[in-house]
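S.K.: I have a structure here, written as structure tokens, and I will follow up with some questions on it.
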Amino acid sequence: MHCLRSLFGLGLVTLCLSGVMWGCVSGYQVGVGRADCTGPPVEIHFMGYANIKQVGRGLHLRQFARAFVVEDENHKRVAFVSVDAGMMGYGVKREVVKRLQARYGDIYTTDNVVISGTHTHGGPGGFLMHLLYDISILGFVPQTFEALVQGCYLSIKRATDNMVDGKIFLSRTTILNVNINRSPTSYLRNPEEERAQYEHDVDKTLTQLRFVDLDNNLLGAFNWYAVHPTSMNNTNKLVTSDNMGYAAILLEKEYNTNKVPGKGKFVGAFCSSNLGDVSPNIMGPRCSISGNECDLLTSKCPQKEGECFASGPGRDMFESTEIIATRLTEGALRLLNENSQEVTSREIIGELGYIHQFVDMPNYNGSTYNPLQRKLDKIRGCLPAMGYSFAAGTTDGPGAFSFEQGTITGNAMWNAVRDFIVPPTQEDITCHSPKPILLATGRATFPYEWQPKIVSTQLLKIGDVILSAVPGEFTTMAGRRLRNKISAVAVATGGRDTEVIIAGLSNIYTSYITTPEEYQAQRYEAASTIYGPNTHTIYMDVYEQLTKAMIRGERLSPGPAPPYMNDRMLSMNTGVIFDGHPIGKDFGYVKQQPKKAYQINETVIVSFIAGNPRNNLFPEKTYFVVERKINEERWKVAYTDASWETK
């Protein structure tokens, strides 16, 4: 039955056949690589929950960038990076491409490199270069920016250095008990006949690309699954890659025997997809004091029953992270031990493609077919703006004050605050309706852009697989519609069935993308759909044109490039002002020694005087090691600061 589910998902009978190939050599060169990209683990606010109290106090799991590179017989090349970060900023990608071109010339460009954030909410922020996204971090953090840039660059460099003749396989499996929809009432706004096509209100399919050499030695596996890495909640203050990052560590541990995290040849990644309305907290939202269910529409609790907070499946956030990560890893391992469809073109072995275009969203004008009235409707984008429900937060991380999800009317006091900052025009209000505007971010220009107006849209094609790199968090149905659209256009244009993978939070961050129907509900995701009710419809139009042009081999206008703002960044974060040690106790002095022996499940606690870790991030290294005694003369490293077992 598991095989049948996979067959129906693929629409192919070859998944369960052994050794299905359309040529003795694939025509690909493939390479995988990994690099440390951990930012400052202390004194910097985390990116994700926008919680001013969530300031780093240490390290649990290091952040890594994981890359694959593929080249075909015509020397056309694509590169994809999945990085343990909240999302991706265009300034980071631009600098990564600049460093690649300094080393490799024009082999790597904006067009053929995708960088996708896993969306962990437990990493240091300050790298997005747009004021709204960096303001809760107290501005730009050069150290975070540099760590991400160098990590992404090194991962692609190592993948390039590791390139060998190889093959790529595609496989899929269903994983249950990992995700739920955190805005189910919004999902129900979508047409009933559309919802009837799907068993669940979130995607339960894990899609895997497996990379092997010509002797079928496993090189790496990249897995896409739709779930927020928010098992670690907004009280966490230790740098973490959360459930997706730990799943990658567990997968790599299976094939990099006796290696510590971040070491070994095999590269395993878990990548973001259409996760906009998808939570890993599968026990669902409850009132924190009473334990009663929250209101479905507003995600609020009565005054004395506490905050509406989702949790689970573990007893605490660490156990929940471990459980979700383990279930994801087990699904990926099932696929690695099964046969799968080889990813290649049946007609031209090793055919690759890529296309990229910048789009001016507020000035986008197009048309879309209205099936109810059987006519073309004109569509346009809006200047970026955030709605009231944005401030309400989500059940994974509630917001502040008295804001509620599902708010479709304004408030005189908050409108006055909004207008003091920058008032929206009547045109803005009409354009975003029914969203009541809380922040007219598109009108704000001081000290620089608050949210992007120019977005990055991109496709990579590897045989009959298309990676759709989207610049934000598509909800479940928004992602399904986009996948179906790209697949249908690919068939109509090229005559071939195509597997489409949504690669979320890629290249630049623009918050959320809901369907037009979900937008009407104005829950958190809709209030954070920044270009108005036609946002998703515009993307459907843009990616249709990208797909047609890529398959036909046509070139599109590159579009207007995002503004260069590196020289305008502001920050209220200071450097390390003073770093010292107590008199008579130098750096390295052990304040609390370990005991001579421990029982199983007992925690070892050691405390020593150290310098501020912001003085040296120790990339590719570790702040400490735990060693196991092998014999009287030899010790072996068992754990580092990147290990799950250490904090």
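Cβ coordinates come from backbone N, Cα and C, glycine included.
On a predicted model such as this, the values are computed, not experimentally measured, just so you know.
Quick paste from TrEMBL:
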SIGNAL    1-27  signal peptide
DOMAIN    28-540  domain 'Neutral/alkaline non-lysosomal ceramidase N-terminal'
BINDING   His119, His228, Glu473, Tyr512  Zn(2+) binding site
ACT_SITE  Ser279  active site, nucleophile
DOMAIN    543-647  domain 'Neutral/alkaline non-lysosomal ceramidase C-terminal'
S.K.: Rounded to the nearest angstrom, how far is the Cα of Glu473 (Zn(2+) binding site) from the Cα of the residue listed as 'active site, nucleophile'?
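M.R.: Roughly 13 Å, rounded to the nearest whole number.
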S.K.: For the domain 'Neutral/alkaline non-lysosomal ceramidase C-terminal' (543-647), report the average pLDDT of the model, please.
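M.R.: Reported value for the domain 'Neutral/alkaline non-lysosomal ceramidase C-terminal' (543-647) is a mean pLDDT of 94.
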S.K.: Just jot down the residues in the same chain as His119 (Zn(2+) binding site), at least 6 apart in sequence, with C-beta under 8 A of its C-beta; none if empty.
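M.R.: Within the chain, His119 (Zn(2+) binding site) has Cβ neighbours under 8 Å at Gly48, Gly86, Met87, His228, Pro229, Met244, Ser272, Leu275, Glu473, Gly504, Leu505.
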S.K.: Can you name the residues of this chain that are 6 or more positions from Tyr512 (Zn(2+) binding site) yet have a C-beta less than 8 Å from its C-beta?
M.R.: Gly276, Gly472, Glu473, Phe474, Thr475, Tyr524, Glu525, Ala526, Ser528, Thr529, Ile530
S.K.: What is the set of residues, excluding His119, His228, Glu473, Tyr512, whose C-beta falls within 8 angstroms of the centroid of the C-beta atoms at the Zn(2+) site?
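M.R.: So the additional residues around the site are Ser272, Leu275, Gly276, Val278, Gly472, Gly504, Leu505.
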